[in-house]
Amino acid sequence: MAAQETVEHKYVYDFAEGNKDLKDLLGGKGANLAEMTNLGLPVPPGFTITTEACQAYLASGEQPAGLADQIAAHLAALEQGMGRRLGDPDDPLLVSVRSGAKFSMPGMMETVLNVGLNDRSVVGLAAQANGNQRFAWDSYRRLIQMFGKTVCEVPGEEFEHAIDEAKRAKGSTDDLDLDADDLRALVDTYKKIFSKHTGREFPQDPREQLDLAIGAVFDSWNAERAVIYRRQERIPADLGTAVNVVAMVFGNLGPDSGTGVAFTRDPASGAQGIYGDYLANAQGEDVVAGIRNTVPLQELERINKAAYDELLDYMARLERHYKDLCDIEFTIERGKLWMLQTRVGKRTAAAAFVIAGQLVDEGLIDLDEALHRVNGAQLAQLMFPRFQLDHGFEAVATGIGASPGAAVGKVVFTSARAVELAGQGEDVILVRRETNPDDLNGMIASRGILTSRGGKTSHAAVVARGMGKTCVSGADALDIDVPKRRFTVAGQTVTEGDVVSIDGTTGKVYLGEVPATPSEVVQYFEGELDPEATDDALVRAVHRIMSHADATRRLTVRTNADTAADAARARRFGAQGIGLCRTEHMFLGDRRELVERLILARDANERDESLAALLPLQRADFVEIFRAMDGQPVTVRLIDPPLHEFLPPLEQLAVDVAVAQERGEDVAKEEALLAAVRRMHEENPMLGLRGVRLGLVIPGLFAMQVRAITEAAVECTRQGVRACPEIMVPLVGAVQELETVRTEAEKIIAEVVGGSDVEVLIGTMIEVPRAALTAGQIAEAAEFFSFGTNDLTQMGWGFSRDDVEGAFFWRYLELGIFGISPFESIDADGIGRLVRIAAEEGRAARPGLKLGVCGEHGGDPDSVHFFHSVGLDYVSCSPFRVPVARLEAGRAAVVTAGSDSR
Ligand code: PEP
Ligand code: MG
């Protein structure tokens, strides 16, 4: 940037110059102080230094050119307005220096109060305060303490020790018992602490204090806790903070002064009313520090009725103006009310829905806006049982919150034991190093799943999310010993039958029973609570907002379901079809043997026998699913497992054979099996013989499935149940693969359908990058595409779904290479681009091509917005995510300027 431009750049805004829509530039606090000023509310005068100044400072390590002069000019105006000069020995102006980023980051950044006090102006301050020496010296010691800690990194404990020592000498525990002399002595002690740690005297020049405080607030943008908070809240790292320089008003001038916080509605439940706390004779920091007990805000009516009425009037005005819950900080200085801050207040997920509904009733917002006031993450939170607040338990381990909710139960280590104990009516938590498809029954029987390995797309995580079951994965502090049926953690041993509690939102693991509450929102989705009849405000609000989302959205929402029970539940949750029925799960359990025989068949006869045995079983599976969906489309994916999942583990088999040989047993059969397993062993099974490749290698396998699907559809139709099957071919990378499968499938379909009124579509997954890049060709042979974004992410990035999350994602998140796991939320720039290309080129080749997505991303809020923008027809997600996808699809379809439900 040219020097000329830098000088002219406006870095400082008076409160009267800003407004609430300038949050990018002035931060939330600055923009709202400006708004209140312009509304005529009593805001202490001040000015805001912009986020752009912060960005420039952080980039170069020094204040940008021109900033110092602009601060001087605004300070001069402030001094003139107040009739006082900063740090004037006789009649000082004092200012606070406060951070304020675009998004609220409570307590993460710095504030310095009482800037302008020094050895001389402290005397002037006492005079201003009618000779109140105690107040003046207390203000000065607060400045040294805050300034020392914040600006010069003096360890805060040293100041705290010193004040504790002073109180002890007085035989008291209350700050208020320290008199002016005590505080004057404390200022001396504080100054010594300051110079011991900084090698300099406490700065006496008020402007130097101000500049250093501003720099410290800028720097606090990059404090470790702020960085961690931003990462968690997905706040971009480059926004920077604004700095507000505000004339000080004092809540600690005596009993007719005080400070408080107020909410225009209850931020916990959303209930209407006045909520807040008040603390007489105190500054805001005392409230936060919890040193003294506050009283409910209503008490203020008794203490100072005029100020209370005035505050209520402002609260009502602010709510009408912002059309939302506002939270407010205020101070009363010798009876006069000052508004120090307001913002659209943070709230719980439940309050977000309830308040949005109320505001519609009150005519302040319309339903489109209400959709923007809530989000899918909040809805998801409300759909799980939750641990009660303040339960007082200490976590013994923290893993990855892989599937949310609160689960409590007895520890079991095997699937069989889980089924057995659950059968006796026990709640169990299945604890495994990692799960595999054979654990399915145990997972179904359990309240929750806890693993010591794996990430958010590990088997345990994906399956648990699909079932709506709580799961903590990758809790690597757990040392699990399955044969001994126990694990150790934090020096304690937990054996089978001991109770643990797991929180699938935070990933925390507790020993013992943490108290939990069920979700009334799920009861509503399940049809157990009538939204018209209930007096549950949350359920009524959820119903209303969901109905509007459904009426508004363009995306259809389907579900990923492999069983009739899942399908039925998903329909209750609002699914409009099945977007992915993974057939490999139908080959487990007692059918595993048939599949093993099929894979290892020595000749066509053996193979055909297995297929013939599987056909009626598969047909019955599909009949059940078609019935459950009753006329809605059902996308059945032909089998796509890595082969090894159906064969005995190689190492175990080798050991068994060697042992049997040693004993001289007849092991001819086992040896043949071992040889076959060796032959089929793959180093990278996820990139091996799976999907369409398997279908092309094992003759008759896909044909059997196509026949079973079509026969089931014909059977249902005959019985008066409409079936709309869509056969989906997995892992296609070249149109020729699809054409080969299609030619065979069409023959079978024609033969089975005969004259009956059944239509079967044939389409493909797009989950191999090559398929996305040749989508135009592939569309010639496909009636629909469904994006398999799990594999597309795996293959597009070149990292294994099963391994990488635990291995290095933490580092990538830390470095900001990605803000969130690309397995969780679609990487719009890379993998999303493949989706966009395939959608465009597919539709160009075949207008009207049906497009959907069935990877895990189909239920992720941000990804739903992306798929909406790409123009897909539907998203498909696990049953439990269906309401989330409905809501987000509605939100994506409604564009309301300036809304942000963060
Ligand atoms: C996918 O890859 O996104 C997909 C849906 O298939 P699977 O997860 O079964 O590989
Ligand atoms: Mg896949």
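Cβ from N, Cα, C; glycine included.
TrEMBL names Arg582, Glu767, Gly788, Thr789, Asn790, Asp791 for binding substrate. Of Arg637, Arg707, Arg846, the residue it gives for the same site is Arg637. Reduced to three states, the DSSP call for Arg637 (substrate binding site) is strand. DSSP places the residues of the domain 'Pyruvate phosphate dikinase AMP/ATP-binding' (299-350) in helix, strand and coil in these numbers: 25 helix, 17 strand, 10 coil. Mean pLDDT, taken over the domain 'Pyruvate phosphate dikinase AMP/ATP-binding' (299-350), works out to 94 on the 0 to 100 scale.
Checking the recorded positions Glu767, Gly788, Asn790, Asp791, Cys854 against ligand 2, the ones whose Cβ sits under 6 Å from it are Glu767, Gly788, Asn790, Asp791. Reduced to three states, the DSSP call for Cys854 (active site, proton donor) is coil. Of all the Cβ atoms in the protein chains shown, 28 others lie within 10 Å of the Cβ of Arg637 (substrate binding site). Counting other Cβ atoms within 10 Å of each Cβ, the binding-site residues Glu767, Asp791 show the lowest value at Asp791. Neighbour count (other Cβ atoms within 10 Å of the Cβ, all protein chains): 21 for His459 (active site, tele-phosphohistidine intermediate).
Residues within less than 8 Å, Cβ to Cβ, of Thr789 (substrate binding site) and separated from it by at least 6 positions along the same chain comprise Glu767, Ile826, Ile831, Val835, Val853, Gly855, Glu856, His857, Gly858, Ser863.
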